[in-house]
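Colleague: Relevant sequence annotations retrieved from Swiss-Prot are reproduced here:
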SIGNAL    1-26  signal peptide
DISULFID  Cys29-Cys43  disulfide bond
DISULFID  Cys36-Cys48  disulfide bond
DISULFID  Cys42-Cys51  disulfide bond
DISULFID  Cys47-Cys64  disulfide bond
Amino acid sequence: MMFRLTSVSCFLLVIACLNLFQVVLTSRCFPPGIYCTPYLPCCWGICCGTCRNDNSSLTFLQFCLPFFFFLRPSHPLFLLLPAR
């Protein structure tokens, strides 16, 4: 019984350590020009599919509008644009 309890607790400890390493190793940001998502953020600037520098006080849509013009109407990101 003691061997089983020890092996189970070691197994759970290994799983907890692996989860901790995953969080530590994936908590990073990306420089300009690299692909980004809300879960893989930019170090600075705005994520418009790729990280872009924001050197002004532009809003998200003003800054990302050139990127959105290249999207097809069936693309999910196209729905973020205001109705015309």
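Cβ coordinates come from backbone N, Cα and C, glycine included.
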Colleague: What does the structure give for the C-alpha distance between Cys42 (disulfide bond) and Cys29 (disulfide bond)? Integer Å is fine.
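Modeller: Roughly 5 Å, rounded to the nearest whole number.
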Colleague: So which disulfide-bonded residues are near Cys29 (disulfide bond), with CA atoms within 10 Å, out of Cys36, Cys47, Cys48?
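Modeller: Close disulfide-bonded residues: Cys36.
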Colleague: What are the sequence-distant neighbours of Cys51 (disulfide bond), meaning same chain, six or more residues apart, C-beta distance under 8 angstroms?
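Modeller: Correct list: Phe30, Pro31, Pro32, Gly33, Ile34, Cys36, Cys42, Cys43, Gly45.
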Colleague: Please report the DSSP secondary structure of Cys47 (disulfide bond), reduced to three states.
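Modeller: Where Cys47 (disulfide bond) sits, the three-state DSSP reduction gives strand.
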